[in-house]
Structures are given as structure tokens and as C-alpha cells.
Amino acid sequence: MRVWIIFLLCLAGHAMAAPTEEEPVVEELVTEEPVVEDVAQETEVGANPVQIEIGDFDEAIEVVEEEEVVTENACLNHHCKKGKVCEVDESNTPMCVCQDPSTCPAAEGEFEHVCGTDNKTFDSSCQFFATKCALEGTKKGHKLHIDYIGPCKYIEPCLDSELNEFPLRMRDWLKNVLVTLYERDEDNNLLTEKQKLRVKKIYENEKRLQAGEHSLDLLAHDFEKNYNMYIFPVHWQFGQLDQHPVDGYLTHTELSPLRAPLIPMEHCTTRFFEQCDGDNDKYIALDEWAKCFGIKEQDVDNDLII
């Protein structure tokens, strides 16, 4: 349980960190003792901060000796998705190409290993995404995803009785994660003001079941008696995962930050999320997600994803 909470703290902190953009740097033209009269120079910056065009100089400029242009590496501020690296062509135009898996940094330990859905262990996520990139456009590449964190190992089959127990622990875990974030959120970096107001009601409720190792019977009883405390945590987790893009559906990739660390600890994780996809369309909608966690249809509310 402690491992789960620490994992979600890292996930929430990462998701809510505002990205920063570096201002592109344009290096000046370097000349040797030019004689310049009435210089006019304009710089236009396109949508990509790396692609900068230098405007025409005034025709009255006289150059004693030939100019030497210092060209900036166009890849400095050009970002590629995982598995790709930036290279420039002859005209210094940046482009993303698949990374050679052999160029990935060596793993420092087994904790960096990942198991793919092809049941193959990759030394690191870098090696995995580089391999997946090389398979782009193929059936094998389309089906290849990170299954879970750590080396591939035997995962016990999930029995029907165990599958019914899984959401009991997950619901309680989500509630405790939110309470922990609320307790540590002094600078409003972990939760928004609206989220804090929701969690505050749960935190201050005297009937709240405190975090701990509880029996399944107690968890089931608490869900029945304090049902309203679980509605927001289930919606909150859906909103945390629905990011790429924000469209009201969870894909396998969007689920990965949650399911990949859980599988080695909870062997019913894969079967649980497969069951959530009620119509088998490879997407989990909010109503499907809520149903998996026992939330009543009338309590499913898009406005709770804040």
C-alpha cells in the first residue's frame, strides 16, 4: 500500500508540473571589419522555436570581406517522442528518426527493466521505445506496449473470486492517495483548489476509514456505509490518466502509468482493466471506468473530472 501511494505521488507531481519553454537563441552574423550603413534586420519566429528565418539586409550594406555565418544546431530545442532522436539534414532542418537501441544508457539495476506485451524483457524503457519505433507501421509494432515495470516473470492467473476483491482495495487506495496529497499540498502544487475542496470534505469526515491493511469484509462494509467518499477519487483517477489526448477515453498507453507498476504486485490488474472495457473497443469510457469501481450510473459526472 505504501509503494502504491509513493508511486501516485510521483505521478501526480509529474502530471501537474508546468512545462517550461526555452527562448530560442539566434546567433548573430559574424564578419571581419564590415562597413555598414543603415542596417535593417528582421527576425521572424515560426511555430517551431528552432525554425528561425533571418530577414534580408538592406541593399546599402557593403561588406569588405566575405561573411561567415555561424549556424545553430537546429536540434537543440527540437523535441522528439520516446524512441526517436533528432538529426538535421543538409539544410540544417531538424527531423526525428528512430533511436538505435544500442545507444541507450546501460541500466543501473533490475528496477529499470521493463516487460513488453510480447513477454520480452528490455533493459530499460529507452531500449523498449527504440525497438518499438523500429517496428512502426507493422502489426507487431502496433501491438507492442510496456506490460509492466521490472523483468518479465510468471504472473499467476486471476481467479473470479480474486477479481471481485480487486476494486475493494483499489477504491480504498485511491481515496488514501488523495488524502495524502491533501495533507502534503502546502503550495497547491499537487492538487488544484477545486480538488482540495472535494478532498477536504473526505479528510474531515469523522467516519472516514483510516489508511491501513484492512480485511476485505471491512473494505466492503465501508464502501457500503461511506459510498459518497469514493465517488470523487474514482473520477479524479480517470482525469489523471486521460491526458494524451483529453478526450474522455482511456487507451492502453494512458493506462500504462497506473497499471504497469501494479501488475507485479496485483496479479488481477490486467484482467480488471480488460473487464472495464465492456464493449471491447480498446477504449475505456468514464461510465465504463466508474462501473468497474462500483460507482452507480446516476453518480457518474464529467464535472467531477477537475
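The backbone N, Cα and C atoms fix where each Cβ goes, glycine too.
Here is what TrEMBL records for this protein:
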DISULFID  C75-C86  disulfide bond
DISULFID  C80-C96  disulfide bond
DISULFID  C98-C133  disulfide bond
DISULFID  C104-C126  disulfide bond
DISULFID  C115-C152  disulfide bond
DISULFID  C158-C268  disulfide bond
DISULFID  C276-C292  disulfide bond
DOMAIN    97-154  domain 'Kazal-like'
SIGNAL    1-17  signal peptide
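A 10 Å cutoff on Cβ-Cβ distances gives C96 (disulfide bond) a total of 16 other Cβ atoms nearby, all chains included. Cβ contacts within 10 Å of C292 (disulfide bond), excluding its own Cβ and spanning all protein chains shown: 19. Per Cα geometry, C268 is the residue among the disulfide-bonded residues C158, C268, C292 nearest to C98 (disulfide bond). Around C152 (disulfide bond), taking its Cβ as the centre, 16 other Cβ atoms fall within 10 Å, counting all chains.
Residues within less than 8 Å, Cβ to Cβ, of C80 (disulfide bond) and separated from it by at least 6 positions along the same chain comprise C86, C96. The Cα of C104 (disulfide bond) lies closest to that of C268, out of the disulfide-bonded residues C268, C276, C292. Annotation: no disulfide-bonded residues among C75, C115, C158, C276, C292 have CA atoms within 10 angstroms of the CA of C133 (disulfide bond).
Of C75, C268, C276, all annotated as disulfide-bonded residues, the residue with the shortest Cα distance to C152 (disulfide bond) is C268. Packing around C86 (disulfide bond) is summarised by its Cβ count: 18 other Cβ atoms lie within 10 angstroms of its Cβ, all protein chains included.
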